C-alpha cells in the first residue's frame, strides 16, 4: 500500500475516534441532566408528604414518597 493510502486510512481512523469521543461526552451530559431532573422532582415531591404518610411508612421502616391513588407510597428511597 502506498504512503498516501496509509495516511488516508490513518486520518479516517483519527476522525472516527474523535467523533465517537464527542458523542460520548454528549451522552454524559444528557445523563447528568436526567439525574438533575430526578433530584428536583424528588425534592419537590418530598414537600407534599403529609405527617400521616410519614407515620404510616415509619411503621414499615420505609420512607414516604407521597400519595398514589390516595394511598401512601412507602419505599426504601424516593426517586422522582
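Glycine too: its Cβ is placed from the backbone N, Cα and C atoms.
It should be emphasised that the depicted structure is a prediction, and the values quoted were computed from it without experimental measurement.
According to Swiss-Prot:
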{"type": "SIGNAL", "residues": "1-20", "note": "signal peptide"}
{"type": "DISULFID", "residues": "53-65", "note": "disulfide bond"}
{"type": "DISULFID", "residues": "57-74", "note": "disulfide bond"}
{"type": "DISULFID", "residues": "64-78", "note": "disulfide bond"}
{"type": "MOD_RES", "residues": "79", "note": "phenylalanine amide"}
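Here the features listed in Swiss-Prot are painted onto the structure.
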{"residue": "53", "record": "disulfide bond", "DSSP class": "helix"}
{"residue": "64", "record": "disulfide bond", "DSSP class": "strand"}
{"residue": "74", "record": "disulfide bond", "DSSP class": "strand"}
{"residue": "79", "record": "phenylalanine amide", "DSSP class": "coil"}
Recorded positions 65, 78, 79: which have a Cα within 10 Å of residue 57 (disulfide bond)?
65
State the Cα to Cα distance, in Å, between residue 53 (disulfide bond) and residue 64 (disulfide bond), rounded to an integer.
6
List the same-chain residues at least 6 positions away in sequence whose Cβ sits under 8 Å from the Cβ of residue 64 (disulfide bond), in sequence order, or say none.
49, 50, 53, 54, 56, 57, 58, 72, 73, 74
C-beta crowding around residue 78 (disulfide bond), within 10 angstroms:
19
Among the recorded positions 53, 57, 65, 74, 79, point out the residue whose Cβ has the most other Cβ atoms within 10 Å, with all shown protein chains included in the count.
65
Report, in whole Å, the straight Cα-to-Cα distance of residue 78 (disulfide bond) from residue 65 (disulfide bond).
6
